[in-house]
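What TrEMBL says about this protein:
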ACT_SITE  Asp146  active site, proton donor/acceptor
BINDING   Asn9, Glu381  Mg(2+) binding site
BINDING   Lys16, His206, Leu207, Gly208, Asn209, Gly210, Asp280, Phe281, Arg282, Gly328, Val329, Gly330, Glu331, Asn332  ATP binding site
BINDING   Arg89  substrate binding site
SITE      His178  site 'Transition state stabilizer'
SITE      Arg239  site 'Transition state stabilizer'
Amino acid sequence: MNGTVLVINSGSSSIKFQLVDPEPGDVLAKGLVERIGEDEGRLSCTAGGETRERTERIADHSAGFALALAELTDSGVLDPDTLTAIGHRVVHGGAVFGEPVLIDDHVVSEIHRLSALAPLHNPANAVGIEILRSTLPGVPEVAVFDTAFFHDLPAAAATFAIDRDVARENRVRRYGFHGTSHQYVSERVADVLGRPLGELRQIVFHLGNGASASAISGGRAQDTTMGMTPLDGLVMGTRSGDIDAGVLFQLHRQAGMKVDELDDLLNRRSGLKGLAGVNDFRALTELIEQGDADAQLAWDVYVHRARKYLGAYLVLLGGVDAITFTAGVGENVPALRAAILQGLEPFGIVVDPDRNASGSGERHIGADGSATALLVIPTDEELAIARAAATLVRGSR
Ligand code: ADP
């Protein structure tokens, strides 16, 4: 059991964990602790083909991690003595972190300091780091930041056109999120195409509950749809994506909505949920099949927004060699991919309907004559985190 990495995604009321053998990329165990702090918490863990579940009160994150580690140890997959590293997903690396880093006291305090930029995420990420530092003190820990891939966005893409002093003082800029996924997928595209990453112009659509697109040239991000927060850009499950900021002033002045209500409106009651009443794409598709007009409009707005960014990024990159879809919706909804790519033959973008409608795993969906490669690449953020952590730890020895 040598060379495994424990990958942790510590959220405000849940902990996702995976034990990964980074090369070749085997998942040895995968689990979730949820409803931390509620009356009834839940642990589920799959290891060796067997899934075990427990329901009990899980008072806090310390109790959650203790349960998860006990489960991994009991099922025989985790031996702390042979753990190479613990890799933590950290949402916000701000302007500070452009790469994965080995965690020390300074890194922990920076992650806390960046909580102002990601108040819902960074504190929970930091709690996970601190608990494992004291529980497994001999195991190196690595932080992998969701923003890191976009750390070096060109200034023209990263800058919002507002008063520069206000922006500077408040660290207002485009940071981008889902970076681990965009980087992993764009690197896989180069492998699948058998072409050097350095010569590819790519557009990646990460369409899950949260959704973002990125423009990548030579392996470096040139722009992305999420902004200072994950609220910007594409239509999402419950988030609005792009909206005229003036709408907020109007809702405040006319409807008396306070800042927390506006936050709730745009982050949790908008997107597909706001337009169609459901945030799950499967439910949306079912409503459309039943003839629901609101669901159809939600679909149309979603597709329109995605196509708008496709066009923008096509111009920004001066042409595109590969367009790739990933995450729950991007990987599983052929009709949506077809709608986003429809009618783009004049740009050398030609879908093959049969390839698009079938298959699983990494695959081509473009027609033989398509100048732009069209692909589906399942994302694997945990594997990317495990590999980044293992590489960093081995390099530091
Ligand atoms: P996140 O990681 O952001 O929570 P996911 O990448 O898991 O999200 O994507 C969740 C979305 O993917 C949901 O809207 C869900 O309905 C959709 N989805 C997942 N599997 C399928 C499927 N087989 N068919 C249609 N939609 C799917």
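From the backbone N, Cα and C atoms, a Cβ is placed for every residue, glycine too.
Features per TrEMBL, on structure.
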residue: Asn9; record: Mg(2+) binding site; DSSP class: strand
residue: Lys16; record: ATP binding site; DSSP class: strand
residue: Arg89; record: substrate binding site; DSSP class: strand
residue: His178; record: site 'Transition state stabilizer'; DSSP class: coil
residue: Leu207; record: ATP binding site; DSSP class: strand
residue: Arg239; record: site 'Transition state stabilizer'; DSSP class: coil
residue: Asp280; record: ATP binding site; DSSP class: coil
residue: Val329; record: ATP binding site; DSSP class: helix
residue: Glu381; record: Mg(2+) binding site; DSSP class: helix
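The C-beta environment of Asp280 (ATP binding site), restricted to residues of the same chain at least 6 apart in sequence and closer than 8 Å, consists of Gly237. Each residue contributes its Cα atom, and for Asn209 (ATP binding site) and the residue listed as 'substrate binding site' these two points are 17 Å apart. Using a 10 angstroms CA-CA radius around His178 (site 'Transition state stabilizer'), the binding-site residues that qualify from Asn9, Lys16, Arg282, Glu331, Glu381 are Glu381. Each of the binding-site residues Asn9, Asn209 was scored by the number of other CB atoms within 10 Å of its CB, and the largest score is that of Asn9. Only Asp280, Val329 of the recorded positions listed as Asn9, Lys16, Arg89, Arg239, Asp280, Val329 bring a Cβ under 6 Å of any atom of ligand 1; the order follows the sequence. For the pair Leu207 (ATP binding site) and Asn9 (Mg(2+) binding site), the C-alpha distance works out to 19 angstrom.
Listed recorded positions near Lys16 (ATP binding site): none (candidates Asp146, Arg239, Glu381; Cα-Cα distance within 10 Å).
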